[in-house]
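Just below is one structure, and these are the notes that go with it.
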């Protein structure tokens, strides 16, 4: 092919390739998530990347969301690429509720697409990692959602050496109750918009906005700001919240639900330090109606929440008259990856196999194949270099990829039925009988 | 929302949802594939679902492939959804060859989209599960490709109780050599098109087509038909092929390569019955240039090849002048799923957790949470029903989902620190101390 005919190899703006060094930990994260979700009985599902546009956006929306990738397909249908996994879950639940039986617990790990302006760390294609319990308002489901989040972060911590985390809980009813009790119930959207800016712009500007957009008087603004600024241990906060919501039933029910959730978490053995009430957490309040949660890393709180979610009253109103209340949360896979990278917790390896076998005696391929097979049979991934090049060159290749052990066997060693097992981290080398190689590999890997 | 405003929950023609009963085995298959690929040092990568249209189709193609989902995005770019994982690999390899170092071994498990006419068992979205070794012509890579295929099918067999399989090997050079030796080299495309129909239309019609489209005389047609009909053990076939290709160098080199591959497989411990030379295998010959392979299930040969691939000379000519020879193959995940279903080897379960805990003493939630946590801590997935409904109703729910064990504890039992462990397959029930529940669960699951 001539140079003129060649195509420049590149990805679209806002899209990215995952190279092995990033994809290996990303797969490990997804595997940990699957393991934890399954351990609670959440079942995997998958839905198509493409859906009818009306399924994604609803009927009669004049202006299709600009963030949506959409087009007319070969059959003349208006279609779009899913932008989250919640709308597909709503369609799925409406379509199969009968078949699935309720309550239904599913997890879904899949890519979604949004045509938003690309920014550092934000892409137009990213992976979501959701779990939801649909068809129940029970407190046990609230508790379980927090437990799953807890077990997820604990398991990821163990896998990558990540430190402690804090799950922050709030309840939409508590916020609403407060607004009711101070006469701002009808202005909740404006209030929460203002409140969300507290950390960024400070109290004075929030007060000004509350006055302007929500028509709040000084006393009302006081109550709102005081709520968000509350601090203390969970018991103290529960008591203060109960006072603040006054005689609002919604508020009192929210406080009671938070109390039940904390009790359940303690019963299940969750360390108290891992869960904290935080009245400043709001999270997309148009959607959520009950418990809301966020999770921050104690070593890197600035990166934001790495696992978030909440309870909703009615998942699938767009598709069915059947009311489907539920609760769900999502692991922020890509944000966690970024956090692990920033904390230097990602191993610098480009190979999923720890063992490297150089092939440098051209006519002894059969011996190397046997050696590799025996190591794999013992459960250790082993890569055999495919070409009989000079040993030094092959070891350079190995070094670049980040293998942990090399099995070096020249003609002499092969004739004697022996092999060097070299620890690539320390450079130390032990010669053992071929039959004992797997054990020695295990010893080196175990020590590392 | 009013009935008129509601949207009908449905998927696009040719697309499908994966419900838990299908998604659970699909995830298990992908996990086996990942495990085997990794054990040989193949590293995971991912590429975007959307690419520049020219990356997918090349420059100046007047007629964009109708099978491609393509559109103009918000930024005015002509984009398309990937229709396979090979073109993205070619772009990826051209873009990062320097960074990755060669040879480069990757696996890629991801969805692809083709707007083809939907048929039974064929969808417009499906998962591919590819592995490739790029940047080497070495025979060791050929051998390894067959070994990976062998280990994949062996591991899937162990996981699902699937019987034996046969990997069928051929070499493009052998086919070309034969055509050279009988003067049909320039007509190879027409010959192979005719030959591919042998099983379907029979020898007479193939001879007629060979005469018509390839201008083959009777002697030439004889040679072609004879090649495809060859039978016998691998040694016999190697000898016959060597004779048939005559003095064609290409043919002789192909036969020699097949011999080396068989020797290597034997050295690595592959049972001879698992690998068979099959001169009738062609596989998209425009693309492949060396070894080609297909894999059939001995219990269900009619379903076709479940793992196929071959060697190519130049992966990424469209993107770079660097020659990138390689070899790869692909596991037919969805076809294997269909085969497992047809052979009744898929477990009928809709839950990934084997243990079900009914919650029927309303005020003992804390006890049930503790029980569930202890079973999970011992490594067994356990689902706690979230609402305190009648036991019978909950056991119906459990029955429908396919759990294997139920942990039944009423107030009396909880007060005594005991619990019934019920084997849901046999109906047998044993009462044990709460502290011994996990062991008893292990016993029941181990026995099942």
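Cβ atoms are placed via backbone N, Cα and C, with glycine included.
TrEMBL labels come from automatic prediction, so no person has curated them.
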- line: Joining A:84, A:85, A:86, A:128, A:132, A:283, A:287, A:288 at the L-histidine site recorded in TrEMBL, out of A:114, A:259, A:274, is A:114
Three-state secondary structure, which DSSP defines for residue A:86 (L-histidine binding site): helix
Task: Would you measure the largest Cα separation among A:84, A:85, A:86, A:114, A:128, A:132, A:283, A:287, A:288 for the L-histidine site and round it to whole Å?
output: 22
Field: Mean of pLDDT values spanning the domain 'Aminoacyl-transfer RNA synthetases class-II family profile' (A:1-358)
entry: 92
Message: Please list, in sequence order, the residues in the chain of residue A:128 (L-histidine binding site) that are at least six apart in sequence and whose C-beta is under 8 Å away from its C-beta.
response: A:84, A:85, A:108, A:109, A:110, A:111, A:112, A:330, A:333
- request: Taking the Cβ of residue A:84 (L-histidine binding site) as the centre, count every other Cβ atom within 10 Å, in any protein chain shown.
  value: 14
